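The structure appears right after this line, and notes come after that.
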Amino acid sequence: MITEVQTKELFRRADAVCFDVDSTVIREEGIDELAKFCGVGDAVTEMTRKAMGGSMTFKTALKERLSIIKCSREQVNKLITDHPPQLTPGIKELVDVLHQRGVNVFLISGGFRCIVEHVAAQLNIPFSNVYANRLKFYFNGEYAGFDETQPTSETGGKGRVISLLKERFSFRNIVMIGDGATDLEACPPADAFVGFGGNVVRPPVRDGSAWFVTSFGELLKELEKI
């Protein structure tokens, strides 16, 4: 395993940085907010707890939770309008600095593309750099499932996206940043992982990270050393 010093150096030299979204780039968990908005928050929170315990695959957990929520297109749009995702302090400044340095920035999320694109727009990240799950709706706007072909709908999906990026763009050095086990598991193929605890600290991620930060300011300070 690489050390904290090596992780910091790889971060300073990265040609691509991938961020998780829920509880990392934004302060909340998108699926939980959607469930609360649709009046089934408690049931979905319980299902999330079971999923975190490893008793079911990511895809099964996603399918089960969405079958409880059954959100319409109108409800999703209203959630984004009435309760837009809250950016974590410091993320805009960090992404701006990365862009100024010519670093490619990607959002890789097990959440929903319609919400993640709203976040990407605020951070000036092109939608082509967003990898997330797609909700499907019938012509009348009712919930029709999700796109099960997206790599982010599967266990290990974030790692598959990073492998795809390396293959497509020949990146030499990709760093993954996130709060969850699915983010930690994406390294490798990511060259380095930075654990983020600015919104929630997950002990397995904290303990498994060579470099664990609780604010994006720590990452900005590291870039100032270049």
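Including glycine, each Cβ sits where the backbone N, Cα and C put it.
Listed in TrEMBL:
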- D20: active site, nucleophile (ACT_SITE)
- D22: active site, proton donor (ACT_SITE)
Which same-chain residues, if any, lie at least 6 apart from D20 (active site, nucleophile) yet have Cβ under 8 Å of it: I108, S109, K158, M176, I177, G178, D179, G180, T182, D183, F196
CB contacts for D22 (active site, proton donor) [other CB atoms within 10 A, all chains]: 27
